[in-house]
Each structure stands twice: as C-alpha cells, then as structure tokens.
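> Before I ask anything, let me first share the structure, which is written out below as structure tokens.
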Amino acid sequence: MRNERGRRLGKDVPIVVLTGAGISAESGLATFRGADGLWEGHRIDEVATPEAFRDDPELVHRFYNARRRQLAGPGIAPNAAHLALARLERAWTGDFLLVTQNVDDLHERAGMVRTLHMHGQLGMMRCLACDEVGPADEQLSVRSCCGVCGSIATLRPDVVWFGEMPRGLGRIYKALETCGIFIAIGTSGQVYPAAGFVEAARAAGAWSIEVNLLASAVSDFFDEHWRGLASEAVPALVDQLIGS
Ligand code: APR
Ligand code: ZN
C-alpha cells in the first residue's frame with residue numbers, strides 16, 4: 001500500500017496509534033465532551049482536578065468508584081475497534097506503540113501488549129504518602145488505609161487529572177519522531193499534549209490518519225480521514241494496513 005506522497009506503508013514501518021474516549025463509546029463508556037459527558041450534574045473536568053480532590057475528596061472518590069464499578073460490570077467489553085487494533089499489533093513487524101488517553105483497560109482485555117496509558121488507569125491507585133502504586137480497592141474513600149505504609153486518607157486514583165503531567169511523554173515523543181504512520185482514533189483533539197502528537201508525527205514525515213465520527217479540533221493536520229464509527233472504520237483501516 002502507498003500513500004499519496006508515494007511512500008510505502010508496509011507492516012515494517014514504525015507506527016504510533018493514539019486512542020481517546022471515542023474508541024470505548026461503543027463499549028458503553030461515556031465520552032468526556034459528548035452530550036452525555038456529565039456525571040451527577042458535574043462537568044467531568046470539574047471532578048478530574050487536583051483542586052477538586054483537595055476540596056471534596058469524597059465526591060472525587062465517588063466519581064471514580066462509580067466509573068471503576070461500571071468498567072468491571074458484565075455489560076462492558078472490548079468492541080470491534082479494540083479487537084482490530086490487537087490484530088494490527090500482532091501482524092505488525094515494525095516498531096509499534098499504542099498510546100491511550102483512556103483510563104479503561106479495554107485495549108488490554110482485547111489482548112494488546114504494547115500499550116501506554118498516558119492518563120493513568122482507573123484500576124490502579126496511588127498512595128500520596130509512600131508513592132506505592134497498586135490495584136485499586138473497589139471502593140476508595142477518605143477512610144481507606146494504605147496497605148504498605150498504613151497512612152489514612154492518602155490513597156488516590158492513579159489517573160492523571162487536569163493540570164498534572166501525563167505519563168510516558170519521553171517515550172511517546174521518541175516514538176513519534178521516528179514513526180512512519182500515526183493514527184488517532186476517537187479523540188476530540190482538545191486536550192494537550194495528546195492533541196499535538198499529530199504535528200510531531202508530521203514533522204517527522206509520518207503519514208497521519210484520523211478516525212472519528214466527527215471533525216476534531218485538529219482534523220486539518222491529518223493527511224487522511226475516516227469518518228464513522230470506530231467499530232466499523234478501525235477494522236476496515238486495519239485490513240487495509242495489514243493487507244488482508
Ligand atoms: N467512533 C468514533 N469516534 C467517536 C465515537 C465512535 N463511536 N464516539 C465518539 N467519537 C469521537 C467524538 O467525535 C470525539 O471527537 O470521540 C471523541 C471523544 O472526545 P472526548 O470526549 O473529548 O475524549 P478524549 O479526546 O479522549 O478526551 C481527552 O480529556 O477529560 C480528559 O483525561 C480526559 O483522556 C481524556 C481527555
Ligand atoms: Zn502508603
């Protein structure tokens with residue numbers, strides 16, 4: 001397969017895939033900025049900040065406990081888009097990195113291995129006193145006690161809030177600087193630094209592909225657009241990339 005600049009898009013080309021909430025929407029998890037992006041009347045960015053946690057930790061714990069419970073529920077499973085990306089990872093012979101802004105574990109449940117959760121994971125918690133990170137208790141609260149150092153009221157969800165530093169940026173930019181293909185799926189392009197990854201990839205000469213139901217804030221930076229449901233567009237795109 002060749003792109004419009006005549007470059008080869010073979011399976012040995014280094015690839016970076018970025019995913020956002022849109023890839024998990026069809027698995028039943030609400031996106032952040034859609035019409036459904038409200039929780040108990042709060043805008044989600046009002047509960048996903050260090051300030052919110054300082055001012056009302058119980059509210060923030062309730063929000064993440066509810067999301068964690070939902071994710072563990074019987075109705076939630078990877079959809080065709082997650083499964084197609086796992087197929088892409090298995091078939092790819094060149095460097096491969098999946099960077100996700102999602103805190104769910106649906107990529108892992110689909111069988112992916114090379115994932116980087118730049119915004120942390122809902123299933124993990126961290127102790128502010130001893131820095132220990134481990135699987136999150138189902139119900140975190142201000143009364144929770146750290147099993148390692150014994151502190152009380154120091155456990156927080158191990159997710160990256162607004163104003164905090166995303167994870168793995170060094171590794172991500174290194175991969176972007178050498179990638180030949182960059183794909184963004186189901187992300188609105190409103191939250192940096194992830195929204196800027198397409199420009200970094202293009203500066204490296206990569207061919208960039210956006211999959212989204214709608215235009216995003218950064219659509220103009222992409223070379224190729226697949227408009228539609230992730231569950232339909234991603235499997236078709238993966239078929240094209242791996243040539244089946
Ligand atoms: N298929 C494809 N795209 C979809 C689908 C779908 N079924 N459903 C929604 N989308 C698209 C929307 O058009 C939108 O562009 O997914 C995008 C979701 O955007 P956001 O809700 O803003 O999610 P995201 O870009 O992941 O948010 C980034 O913001 O609140 C923070 O830390 C949080 O990681 C999150 C970050
Ligand atoms: Zn501790």
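Every residue gets a Cβ built from N, Cα and C, even glycine.
Not my notes, these are from TrEMBL:
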| type | residues | note |
| --- | --- | --- |
| ACT_SITE | H119 | active site, proton acceptor |
| BINDING | 20-39, 101-104, 186-188, 212-214, A230 | NAD(+) binding site |
| BINDING | Y64, R67 | substrate binding site |
| BINDING | C127, C130, C146, C149 | Zn(2+) binding site |
| DOMAIN | 1-244 | domain 'Deacetylase sirtuin-type' |
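Please go over these features one by one and say how buried each is and what sits next to it.
Taking Cβ-Cβ distances under 8 Å and a sequence gap of 6 or more within the same chain, the neighbours of H119 (active site, proton acceptor) are T100, Q101, N102, V103, V159, V160, P166, R167.
According to DSSP, L213 (NAD(+) binding site) sits in a coil region rather than a helix or strand.
The Cβ of Y64 (substrate binding site) has 21 neighbouring Cβ atoms from other residues within 10 Å, across all protein chains displayed.
In the three-state DSSP scheme, C130 (Zn(2+) binding site) falls into the coil class. For C130 (Zn(2+) binding site), other Cβ atoms within 10 Å of its Cβ number 12.
Restricting the average to the domain 'Deacetylase sirtuin-type' (1-244) gives a pLDDT of 93.
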> What are the other residues, in sequence order, whose C-beta lies within 8 angstroms of the center of the C-beta atoms of C127, C130, C146, C149 at the Zn(2+) site?
L128, A129, D131, E132, G147, V148, G150, S151, T154, L155
> Where among the binding-site residues G20, G28 do you find the Cβ with the fewest other Cβ atoms within 10 Å?
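Comparing Cβ neighbours within 10 Å for the binding-site residues G20, G28, G28 has the fewest.
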> Identify, among the binding-site residues C127, C146, C149, L213, the residue whose Cβ has the fewest other Cβ atoms within 10 Å in this structure.
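Comparing Cβ neighbours within 10 Å for the binding-site residues C127, C146, C149, L213, C149 has the fewest.
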> Give me the CA-CA distance between C130 (Zn(2+) binding site) and F32 (NAD(+) binding site), in Å, as a whole number.
31
